[in-house]
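Just below is one structure, and these are the notes that go with it.
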Amino acid sequence: MAMDINDKHRLKNRLLKAGHLIALFIAMCIICVPGLWVVVNSFRPTVEIMAKPPVWIPTEFNLDHYRAMFGAVGEGGIPVVRYFTNSLIISVTSTLIALLVGMAGGYAFARYRFKGKAAIFVGMMLTRAVPGIALSLPLFIVFARVGIIDTHFGLILAYVAMNVPFTIWLIDGFFRQVPKELAEAAEIDGCTRWQAFWKVEFPVAKAGIASAGIFAFLTSWNEYALASQLTRSVNSKTMPVGLLDFTSEFTLNWGGMSALAVVMIIPALILTFIVQKHLIAGLTFGGVKG
Amino acid sequence: MRRSKLPEWFVLLLPAFIILAAVVLIPLVLSFYSSFTAYRLTRPDSINNWIGFRNYVRLFEDAGFWWAFGRTVFLLTIALNLEMLLGLGLALLVNKVTWGQRGLRTIMMFPMMFSPVLVGFQFKFIFNDNIGLMNNALQSLGLTDQAIPWLVDGGLAMFSIIFAEVWMSTSVFAILILAGLFAVPQDPLEAAKVDGCTPWQTFRHITLPFIMPFIYIALAIRSLDVARAYDIVKIMTNGGPANRTELIWTQLARTGYVDAKMGLANAMGYISIFLAIFFTVYFFRKLNASRQILGMAD
């Protein structure tokens, strides 16, 4: 009798374990397959992508789509290299500025007590909540008047504003993790507040600030709604806008679009690997202990 | 800084104030003003043509606008709830894993880093009725012999868009809830075990209250960029077929840039801004309340 119950228990445990693994496997497949599908197709010849019935096991991998994409500039092709450099310049610059502004703001929120702190914080977050496409209407009018439509500067400005609230949230969270006493001890030892910040607090929160930067970079790198209206030509068009160019110009060039998509995702993926740990820490500390 | 009469915190926040005022607040004042005019992009001086509330009245009487509005709220409600539930499920699954958890966590973060435009393209490809992965798989498995018009049929197109949206954002919830699960103290869990609680009771009364703030952080973060769905819809269906997936954002882009009716589009924009602000304020309040319960606020 006792054996029986034990066996039943063990069986139930095994089934639970198997169910757990199967569910996990399916979930991971759903997460990975769409991206892999795009990557695989970027290496397949168009004939094979279009084949009916479908070809499941690729017979041939080549770099034709990549060659066409990078080679066809000026022949009606998409100037991918220009889009890539635009994206890079705009994202990096706006990230650096957003970090500086965010560090000052985050430090203020983490270390000072002042009236209306919570209200100011939520107010800043609300500016981030404004839908990009709704904000693009007046920005388009203003930028057109000032003459910064279709320039790097215009988009950088817009992205700094877009990133600042979130950078402040994250950096605030990281500064809170640095004990106040550390900086106070440095001040007693004769440092000014400015010195104490650079010598004590900044080094401790450095890794976290870097992740905030990477997050800001990715937001700019991936942004579409504002970029689609504030850019006009190769002067300032970014990669996401370029991807949509592809849909209108070559409706059926799935392989080419996949190749462009891969080029777009590589920097994002590399950066993700670097940040993952700090990013979660920043969001939860800023959020939970705020 | 000591010489200036402004408090230090204000000086530190000043750059943020200036940039947000210049790029967000002042343009929003302008768009608020122009939502009361018959401003058309093609005739710049029409911005002085004050027409009072006529744009808003027109919108309130426009059935197409209300459909788009309702569809947007519907999409957000379904997507946010699904993301939360699936994210919770995924986090619980990963939390139970004892080996290779780091790797799984990294994989989980993939979709977070995809540009919404990229997610849209990816699913446009997968749901393509002719060469898409979905139909190819269904046909090869013999489940159907016809091409299911995923993006051509109105209802299915909405489903596909929600699928893409949920795929993209579930990981935000999963990652943050997982962080919450790590932070749950072990003592009450063990006490519950000793007292003979069922796993469900333990989850419901101990784990869940502890991870609630984390769920609200995820919801608050998500509510900040709900409008990212615009990018997905723009590339997947552009509001079609026959406006069946038209959201408030795609409609306002069309009104403003294609029809050049900036005044009307700005009126729409304001309604979409209030929608976004409603979601954000709601979740930030919930976040604050749940923090207070756990005594984490300072």
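Heads up, the Cβ atoms here are built off N, Cα and C, so glycines get one too.
Residues annotated as domain 'ABC transmembrane type-1' in TrEMBL: B:69-283.
According to TrEMBL, the transmembrane segment annotation covers B:12-33 (among others).
For B:73-94 (among others), the entry in TrEMBL reads transmembrane segment.
Under the heading transmembrane segment, TrEMBL lists B:106-127 (among others).
Same-chain neighbours of the transmembrane segment (B:156-184): 71, 75, 78-79, 82-84, 86-88, 90-92, 94-95, 105, 108-112, 114, 116, 119-120, 122-123, 127, 148-150, 206-207, 210-211, 213-215, 217-218, 221-222, 228-229, 232-233, 236-237, 240-241, 244-245, counting only residues six or more beyond its ends whose CB sits under 8 Å from a CB of the stretch. Positions annotated as transmembrane segment by TrEMBL: B:156-184 (among others).
Per TrEMBL, transmembrane segment is recorded for B:205-224 (among others).
Residues 28, 31-32, 35, 55-56, 59, 65, 69, 72-73, 76, 216, 219-220, 222-224, 226-227, 248-249, 251-252, 255-256 of the same chain sit 6 or more residues outside the transmembrane segment (B:267-284) yet have a Cβ under 8 Å from a Cβ within it. The transmembrane segment annotation in TrEMBL covers B:267-284 (among others).
Outside the transmembrane segment (B:106-127) by six or more residues, the chain places 90, 94, 133-134, 150-151, 160, 163-164, 167-172, 174-175, 178, 228-236 with a CB less than 8 A from a CB of the stretch.
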